[in-house]
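**Student:** Supplied in structure tokens, the structure appears directly below.
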Amino acid sequence: MATNPGLFSEWPWKKLGSFKYVVLAPWVAHGIQQVATKGWREADLGYLVILPSMMLRVLHNQAWITVSRLQNARGKRQIVDRGIEFEQIDRERNWDDQIILSAILFFLGALHLPGGQNLPLWRTDGAVLVALLHAGPVELIYYWFHRALHHHFLYTRYHSHHHASIVTEPITSVIHPFAELVAYELLFAIPMIACALTGTASIMTFELYMLYIDFMNNMGHCNFELVPAWLFKWFPPLKYFMYTPSFHSLHHTQFRTNYSLFMPLYDYIYNTMDKSSDKLHEKSLDNKQEAIDVVHLTHLTSLQSIYHMRPGFAEFASKPYASKWYMRIMWPLSWLSMVLTWVYGSWFTVERNVMEKLRIQSWAIPRYNFHYGLNWEKETINNLIGKAICEADKKGAKVVSLGLLNQAQSLNGSGELYLQKYPKLGLKLVDGTSLAAAVVVNSIPQGTDQVVLSGNISKVACAVAAALCKKNIKVTITNKQDYHFLQPKMPEDAADNLILSKTGIAKVWIIGEGVDAAEQLRAPKGTRFIPYSQFPPRMVRKDCCTYSTTPAMSVPKTLQNVHSCENWLPRRVMSAWRIAGMVHALEGWDEHECGDKVLDMDKVWSAALLHGFRPVTED
């Protein structure tokens, strides 16, 4: 909210939460009644298209969010090179409130405004009138209203809420207190009311006007420059009638300049244009994609996971992944997105972070979990990962960490394949085994003298078992085949601590993939389950048993631009495999960790703590 919230700052349907769209129900019901009683031909088309057009506005805004986040993740043409945090995401989560308010006003106008009923599809004179009234009264009134909002009295009560976002996203454009946004809606209604009263209104004129407002609003807050310089050189007067993202960005960083809505004309007239506007525009266009120090290679998981990635739905991405029933009904869109990413056929940048002087990016391989289990997809996936590694090497990256199934033993031998295929790599390849195993080992409660290890035996499981045996902790294996596989890998002086037993009575179970419900039910009441796998186990036990998160650590405040959750992990918590790449680069270690290679766990754990990473339990 604003610094000192004024009257009518809160949205009237705030308490409805996700059910806020029910406020449109009476008007939607009226539209259905029109169709039922009059038929489609006699019903008011202008009234009926209001709801679909509002839904299209939602999609339009979401498209801007996705494009902006993808572009800013690359760092190319970025205007303000600062991070966004969860606080801003939470503040801007209600961006669709403005669309609901617009819908209500359109419904009221279509019912009660003279000349607002049974509109034709198009009228040229009405479109010209809207353009003239916007360029004149709307822009001029907005300019002075905006300046008034920067007066201390109104700023602290209303407009400071919008300016809390110095680094803007497209949806920042509509983040205002209720009273302030009502004023904007009434201002933008002037051309449309004038059209209706003069009998020149049309459906397409109103639709195009709202599209123009949304497009310019989103563009002005997208935080990357996309308006080419040649446009103003080709037609110099255009600079008075069209702003740029960098022009409006200066308003958010300088506060007392560039007040205009979409047309800088009035800033020129009243001498409030920031003198650095042209230089910032040119500089932003010249901003090249920045150099990279660390690349983390991840991939999509379930079909709904694409909505939870940073370029997806901002609200979903800011929370740990959880499958929701209402997301499942979007399966046609989910399948379409899967096909599109599959056809795209190349990795894409999903996140960019900075830690001290370290520049970090996360790249996603356009494949889902089930693709990694298909034999005929393995070669393609390995080629995709290989190309990404080579591209990271070309961009000067020091380390590439392999996340999720990108390091699967059955796929590429924990990354060993790429060292054989690209022997001249200048970067270091890290699978993160040592840190993941260290997180598991250090999650075991003090005083524990026996644990059960169950699940598919992975490289991390081997490292955990060896480390625990060295600590003189008994490791019980319930599967005979797994026991014989692990036994030769244990240190000779601690091999006796590896035990084969059908009954696991220990109250600490270290579990991985492949542990079914029956296996978990064998654990005694009060057992603590600690996963060592990349993916969380199915939580079967509810009888006072606890489940730890998959190997992960809380990140320090020095790691910036963290405003999305990594899969199912809590906020500002990252997987050990991802953190391992950062630690590797921060320490400047000149060795790979892939294939059979496992770094010294104590050294890696100490280095992680030194750089501010902490166990999740210390939050």
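Glycine residues also receive a Cβ, built from the backbone N, Cα and C atoms like all the rest.
Here's the feature list from TrEMBL:
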DOMAIN    137-272  domain 'Fatty acid hydroxylase'
DOMAIN    451-615  domain 'Very-long-chain aldehyde decarbonylase CER1-like C-terminal'
TRANSMEM  99-115  transmembrane segment
TRANSMEM  127-145  transmembrane segment
TRANSMEM  186-209  transmembrane segment
TRANSMEM  329-350  transmembrane segment
**Student:** Helix, strand, coil: count each for the residues of the domain 'Fatty acid hydroxylase' (137-272), based on DSSP.
**Tutor:** 94 helix, 1 strand, 41 coil
**Student:** In the same chain, who gets a Cβ under 8 Å from the transmembrane segment (127-145) while lying at least 6 residues past its ends?
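**Tutor:** Apart from its flanks, the transmembrane segment (127-145) reaches 183-184, 187-188, 190-192, 194-195, 198, 200, 202, 204-205, 208-209, 241, 259-263, 265-267, 270.
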**Student:** For the domain 'Fatty acid hydroxylase' (137-272), what is the mean per-residue pLDDT, to the nearest integer?
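**Tutor:** Mean pLDDT for the domain 'Fatty acid hydroxylase' (137-272): 97.
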